[in-house]
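**Q** This is the structure, below, for whatever I ask next.
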Amino acid sequence: MAFEKDAPSHGKNNFEAPTQETSPETGPSSRLVEAFEYGVGDTTNDMSDMRRLGKKQEFRRNFSFLATLGFISIYMATWEFVLVSLSVGLLNGGFGGLFWVFIGTVVCYSSVVASLAEMESMAPTSGGQYHWVSEFAPPEYQKVASYAAGWMSTLGWLASVASSVFVVATLIEVLIDVTNPSFAFPNWQYTLIMLAILVLTIFLNTWGARVLPMLETISLFGHIGGFIITLIPLWVLAPKNSAHAVFAEVVNNGGWSNTGTSCLVAQVTVLYCNLGSDCAVHISEEVEDASLVVPRCMWWSYILNVLMGIVILITMLFCIGDLNDAINSPAPYLSLFNNTGSIGVSMTLTVILFLLVFSGNVTALATTSREAWAFSRDQGFPFSKWISRMNYKRNVPDNAVYLTSVGSGVICLINLGSTTAFNIVVSLTLLALLSTYMISIGCVLLKRIRKQELPPARWSLGKWGLPINAFAFAYSGFVIIFSCFPNSVPVTTSTANWAPLVWVGVIGVAAVVYLAHGKKLYTPPVAFVEGRKQAGEQHIASRQSAALSFHGGLTYDDHLGGQAESYKSDTSPCYGPCRETYAFAGMDIGTGIVRQWLVRYVASGWQIAERGQRQRGAGSTSGISSHNYRPIFGVYVDPVPSPGEDAVVVSKRPDS
């Protein structure tokens, strides 16, 4: 579907750093920016992407292709969630309806995954959707639309963490239920267990953050190995349903007016099982060669998980037994495991599910915290300075982890007042995330329709971009509608789907915060991107005229791209081997400053000596032809420039 290039062509959206032949700033005084701005593990493409996006590198890039693939796969956990969350699909559609809805959903949703992967290749940043909206939306809507996308993305990931916690807590209850079938947690105990799971997840995302990439790689093999271990006893030991029942029998037990509507309601949970390939977008600034590795991993992890999901779904439908018994069971997957006839097998398979879903919960919190950190970096939330504070020693935004954990904990409290709390949180996850997908894909679609230039992508949809984006946009809106539906009718207060109300409420809160805070302080990421574009165009124009402004009224901090103050702070973006880099970079700073000021002061001395001679000389007082260049430290300077100019520096004689 996509073509990939090993080296990107950055076109008009990037500009090359000045080379030794064209600028006196090259050398020690220019290398110091990269020495500080980029961290351990950065490739040339990563540096180029961060320059184009106007962002400072604050994370160490320690996620390889395999670790990133594991990060996405263990969060998606498609085969695991097929087992633990598709009871709604059995209710609405039955065996045959659930199977065909699953196939149709994964085919349709692939267009969304491909569209997101291409945008990630264009702009590989932890901000994800809100950054893409800022960069690709029409100029008059960039600020407000990206602000809304940032809030919705955060809400979606908070709900995603909460939903994973729900499943982990349920698996704990099921483990007890294997040996004590009459046991059940009251709601308040269930909620306390969820909060305890969140605390453990916080620990692994802060103190255990150093080993997170290794854990993701291990989890990938556990994800695949657990899949195989789960299949074997079910294939060998469990009795089987008929093929006709599995593929052809469609039922409507949800009370809907027709079977079609019932199946469309079932697709919400099916999509939830396949959601999350974009989680790696929010760790883009921790991935080596992110503009190629992340979109590749997004696509191939989706393919891998979908294939495993289809196999486990067919296995479940053949081995789960009677449909009505499965629907009435509080945990249909336990009924499935019990059909093996062995308590030991049931316990083992449930433990495997527990470990894998819990690993996915750790990944979900890592994703959520990075997204909130990135949005706070652009002043998207109140108290953004505190939220975006980095712990460079652990390579993790601690405060963002704590805050997002609290937010997910608040969502978990829904369990105290609703018997369908999990389904509400699932709907909230889809409503929030799909709305951000729809906005960002819509912005790219509009640019393609208008034939406007897009940033280059190393993972590109090519000529298929327009139809794929159009279908993804329409499908996202279609699923959003059904995400607002309850699981069944008639509806009571305790069985209603309150997710749309929460979604609208958060939009209202975001609007109030925008008027009070964001309108003044929020800086859409495109401001940095566009600033770099303008600087690049000016830079190229100066090179082509063979003359560069030496000072131009800017401070030395301005020459560093606004990063000087952060370089002077006692925090640093890398440790260990990077300290040696800092030492050399420090010498480069000194060399660059001394060189610039020596040139300036020598030029000032010449001004005094030659001012009279220049004023008495013939010729124009403006334009390059009037300059009298002299060599200083390997560059050429006009010590007495034309009125209104500073000392003009060029790399070589204009007449050479």
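The backbone N, Cα and C atoms fix where each Cβ goes, and this holds for glycine too.
What TrEMBL says about a protein is an automatic prediction, not a curated fact.
Sharing the record's features from TrEMBL:
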- 1-29: region 'Disordered' (REGION)
- 16-29: compositional bias 'Polar residues' (COMPBIAS)
- 63-86: transmembrane segment (TRANSMEM)
- 98-117: transmembrane segment (TRANSMEM)
- 155-176: transmembrane segment (TRANSMEM)
- 188-208: transmembrane segment (TRANSMEM)
- 220-238: transmembrane segment (TRANSMEM)
- 302-323: transmembrane segment (TRANSMEM)
- 343-367: transmembrane segment (TRANSMEM)
- 399-418: transmembrane segment (TRANSMEM)
- 424-446: transmembrane segment (TRANSMEM)
- 466-485: transmembrane segment (TRANSMEM)
- 497-516: transmembrane segment (TRANSMEM)
**Q** Using a Cβ distance cut-off of under 8 Å, indicate which of 98-117, 188-208, 220-238, 302-323, 424-446 has the most pairs with the transmembrane segment (155-176).
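**A** Top-ranked stretch among 98-117, 188-208, 220-238, 302-323, 424-446: 424-446.
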**Q** Taking the transmembrane segment (466-485) as the reference, which of 98-117, 188-208, 302-323, 343-367 gives the largest number of Cβ pairs under 8 angstroms?
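**A** Stretch with maximum Cβ contacts: 98-117.
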**Q** Top stretch among 220-238, 399-418, 424-446 for CB pairs under 8 A with the transmembrane segment (497-516)?
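**A** That would be 424-446.
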**Q** When you look at the transmembrane segment (343-367) alongside the transmembrane segment (188-208), do they share 3+ Cβ pairs under 8 Å, ignoring any pair fewer than 6 residues apart in sequence?
**A** yes
**Q** Are there three or more C-beta pairs under 8 angstroms joining the transmembrane segment (343-367) and the transmembrane segment (220-238), sequence spacing 6 or more?
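**A** The transmembrane segment (343-367) and the transmembrane segment (220-238): touching, yes.
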**Q** Would you call the transmembrane segment (424-446) and the transmembrane segment (98-117) in contact, using three or more Cβ pairs under 8 Å, pairs 6 or more apart in sequence?
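**A** Counting Cβ pairs under 8 Å (6 or more apart in sequence), the transmembrane segment (424-446) reaches the transmembrane segment (98-117), since there are 3 or more.
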